[in-house]
Amino acid sequence: MAELPVTEMPGDALCSGRFTISTLLGGDEPPPAACDNSQPSHLTHGSTLYLRTFGYNTIDVVPAYEHYANSALPGEPRKVRPTLADLHSFLKQEGSHLHALAFDGRPGHELTDGLVEDETGANSEKSPGEPVRFGWVKGVMIRCMLNIWGVILYLRLPWITAQAGIVLTWLIILLSVMVTSITGLSISAISTNGKVKSGGTYFLISRSLGPELGGSIGLIFAFANAVGVAMHTVGFAETVRDLLQENGTPIVDPINDIRIIGVVTVTVLLAISLAGMEWESKAQVLFFLVIMVSFANYLVGTLIPASKDKASKGFYSYHGDIFVQNLVPDWRGIDGSFFGMFSIFFPSATGILAGANISGDLKDPAVAIPKGTLMAIFWTTISYLAISATIGSCVVRDASGDVNDTITPGPGLCEGLACGYGWNFTECSQQHSCRYGLINYYQTMSMVSAFAPLITAGIFGATLSSALACLVSAAKVFQCLCEDQLYPLIGFFGKGYGKNKEPVRGYLLAYAIAVAFIIIAELNTIAPIISNFFLCSYALINFSCFHASITNSPGWRPSFRYYSKWAALFGAVISVVIMFLLTWWAALIAIGVVLFLLLYVIYKKPEVNWGSSVQAGSYNLALSYSVGLNEVEDHIKNYRPQCLVLTGPPNFRPALVDFVSTFTQNLSLMICGHVLIAPGKQRVPELRLIASGHTKWLNKRKIKAFYSDVIAEDLRSGVQILMQASGLGRMKPNILVVGFKKNWQSAHPATLEDYIGILHDAFDFNYGVCIMRMREGLNVSEALQTHTAPEALVQEEQTSTIFQSEQGKKTIDIYWLFDDGGLTLLIPYLLHRKKRWGKCKIRVFVGGQINRMDEERKAIISLLSKFRLGFHEVHVLPDINQKPQVEHTKRFEDMIAPFRLNDGFKDEATVAEMRRDYPWKISDEEINKNRIKSLRQVRLNEILLDYSRDAALIILTLPIGRKGKCPSSLYMAWLETLSQDLSPPVLLIRGNQENVLTFYCQ
């Protein structure tokens, strides 16, 4: 119950710019005329609530950011809007407090925090411990550009241009950019659909598609970034090794030099990362400036006339014939193919997620990610196209590097464009021994530039910045994945340190993975490995955007509008296609890993709820199919037993729940009905609390069922509501399942009338009826009218029942005494299909005449064979109408004796009054009219004891008592007599007399 403290105020202070306690309580009293409404009121319980509402007679608050935020800002109390109970219920003053006379599910302090506490700190100064946040330029654009401008730009783009030619190189670049641009648009849409936290790509995919795909791609993406650290570090190490070799100072040998330099370099990068995001960001800005200077240096170098040394290496400045020759491809080596070049180049376009991966460190991710990412894609694309075109116009493919290879007078043979510029590289070209030229020399950009050390510095800046960005991305993404605890044994790496919650342990793990791949020491081997992982990530990002759009969920409202769901789908498909065109076996491995991780999360079912598009899609499918079912006419072949089970709280009836679930699981509808009895609907607010608890209990027990509760004045009216309102369209119950009322002889007669009345109501609503009785009882009357604290339901130990275990090689005995449409046969058939009941033998017992036993048995066997149920053992009971034993008859008479009117010698008026006052009692006339039927129940019990004492389950046709002609106590006596003294569970079934089995094919 929410409490609002009331402070005593003098009369002249009863002024309010918002509301007063007097108007709040009285509802009609206006404020005093002397009030100065320009001053804030003190009648707001000592709070600033008056700042959050307006007008008189209301505690409604105006819209505010705090009401929708999941957490309060640092230094501020949590603020919440008033609940519906606060606004709707009557407020009663008791002493100095106002009590809302309604159930409030929130803790009392939460309301106080929201409505009463002073909003101090709303304009509080920035906390000195607040983490560093970046804008779109420094945080996203520069970071993405640095990650895109990696080792491939300087060391492989000239070589790719020589292999593929300028035209196909542009096609490779534009194809890569098309994929990344579409992905960039998808990332922009997803990142602007709500507040983005840390976790980058993993956070965006997991919150869009759900934990299943999000978790798998998060793990793969973190791993791909860790391998990316190795790729860029190896590129840096190659450059340093070449410099050492040119100066004649190698460390060991070419391969081991790369390994040594790479490990030392990645260790330094680890130290920078551990210093914090602020230092890492400063290092990135420095690298960016170095790269820009190196670009300018390269472009100036292409304009400077070639020196003799550069000419010997194939550089002749801009010439049209060089440009024309380099337009077409000249494939060489094992990687000499379009997709071979594409697989090597594509990782250089994959840095578009570098900004999104530090989403938790951005000031406004929703603005920074779209703007910075798309600008980075644009500028880097221009740079790639420009470098490919310019270097392809200046440098020939083959050159010896020997300054003496000039053309000499004489008849010697000279081939190639270099001949026109006075150089003869024919010998090395024919012998494939040229060490220089566009296709042979990886450091061509350095050679072309005006000042080679600046290109080397650019290579250092590009490789180190990309490696640093990948290291940070890998750790940040993995940290968020660890915090969500979707996978076991990784929570250790999720711990954050310092004001920025730096993932130190994640850095160390990424460092270890990077070192392992640096040992490979071959850039062309590492690059294709991560291409598939990045493409897999892009495919899922695009699919996330498409899926969220196609579900038409009201929650999908990205502020970034320049995206297309069909472009996103195309991006997803083309990413998968490219994966297989690049390296089909690596694509299969990547998809296999994703599927394995996906199935693991599906199996574990983590308790997270992120409002994913998968959930929205599930709703759409369910809605579409449910509406579609309305157009389908009922047919016997499509009949399914859809059960409304009167469990009360399901945890009070585990045996009943388990039994019904056995034949409805994955087949039909099961609803656990619960009637809360309360006059005047006083317990309405409880429903939302207890419903979630009971649903979680069902889920924990792995029962596929719905929980439905209603509040009613009495049990019978509540069940009537359930029977009429439960279900949706064709998905409505057609069978009412109840437990046997074991205490009917001692219970209040009104509850007995309700119980039998419920059965009559079920038949009136055209329901079939099943009554389950177990020897140990089900506590029907208590369970149907009681409930437990919902918060304790999930924690309580799950009660085991006999229906959860194997039933062995016992029998399921079916007493098909009367034809109810076939429901008495269908339910045991469905049970027998389940593994727990599969070893049981089914026996069918029918009534018959002793002189026609064989004929009747053959007739029933023939009928059962037409139903294709697989029931072959049939027994005919010829003595079903024999008189029962005297002592059993006597026991029945003793059972009904307390419920008799004994009206045989009373006048008619007295008898009529007695029947009106005691409708459950049995008159002498009713006993006489139903004597044969009563004796039949006694005799049937004797037969059950003779034939089915050791059965796993007894199923028999439920007798029907005619409404108004059979008192409730007599009917209960029949049910009691039928099922008493039996050890196996007994299920009494009566269909609605409509066929549920057919032997026709249409």
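Keep in mind that glycine also has a Cβ here, set from the backbone N, Cα and C atoms.
Here Swiss-Prot flags Leu146, Trp149, Ala462, Ser465, Ser466 as Na(+) binding site. Swiss-Prot lists Gly351, Ile352, Leu353, Tyr538 with the feature chloride binding site. Among the features that Swiss-Prot reports, disulfide bond is placed at Cys414-Cys419, Cys428-Cys434. Residues or ranges marked as phosphoserine in Swiss-Prot: Ser41, Ser47, Ser71, Ser89, Ser124. Among the features that Swiss-Prot reports, region 'Scissor helix' is placed at 613-628, with the record citing similarity to another entry. Taken from Swiss-Prot, the feature topological domain 'Cytoplasmic' applies to 1-135, 188-218, 359-369, 476-505, 543-565, 598-1002, supported by a curator's inference. Positions annotated as topological domain 'Extracellular' by Swiss-Prot, on the basis of a curator's inference: 242-253, 302-336, 392-451, 521-525.
Cβ neighbour counts within 10 Å, taken over all protein chains shown, single out Leu353 as the most crowded of the recorded positions Leu146, Leu353, Cys428, Cys434.
Candidate recorded positions: Cys419, Ala462. Fewest other C-beta atoms within 10 angstroms, Cys419. Considering only the recorded positions Cys434, Ser465, Ser466, Gly351 (chloride binding site) has Ser466 as its nearest partner by CA-CA distance. The chloride site is set by Gly351, Ile352, Leu353, Tyr538; from the centre of their CB atoms, other residues of the chain with a CB within 8 Å are Cys144, Asn147, Ile148, Thr180, Thr183, Gly184, Ile187, Ala349, Thr350, Ala354, Ala356, Thr373, Phe534, Ser537. Report note: the Na(+) site is defined by Leu146, Trp149, Ala462, Ser465, Ser466, and the residues of the same chain whose CB lies within 8 Å of the CB centroid of those residues, excluding them, are Met145, Asn147, Ile148, Gly150, Leu153, His232, Phe287, Phe288, Ile291, Gly351, Gly461, Thr463, Leu464, Ala469. Spacing of Ser465 (Na(+) binding site) relative to Ile352 (chloride binding site) is 14 Å (Cα to Cα, whole number).
Summary: among the recorded positions (Ile352, Cys414), the fewest other C-beta atoms within 10 A of the C-beta are counted at Cys414. Less than 8 angstroms from the CB of Trp149 (Na(+) binding site) sit Ile291, Ser348, Gly351, Thr380, Ser383, Ala462, Ser465, Ser466, each of them six or more residues away in the same chain. Listed in sequence order, Val179, Thr180, Thr183, Gly571, Ala572, Ser575 are the same-chain residues six or more apart from Tyr538 (chloride binding site) with CB atoms under 8 A from its CB. When the alpha carbons of Leu146 (Na(+) binding site) and Cys434 (disulfide bond) are compared, the span between them is 33 angstrom. Helix, strand and coil content of the topological domain 'Extracellular' (521-525), in residues and according to DSSP, is 3 helix, 0 strand, 2 coil.
The average per-residue pLDDT of the prediction over the topological domain 'Cytoplasmic' (188-218) is 78, rounded to a whole number. According to DSSP, Leu146 (Na(+) binding site) sits within a helical segment.
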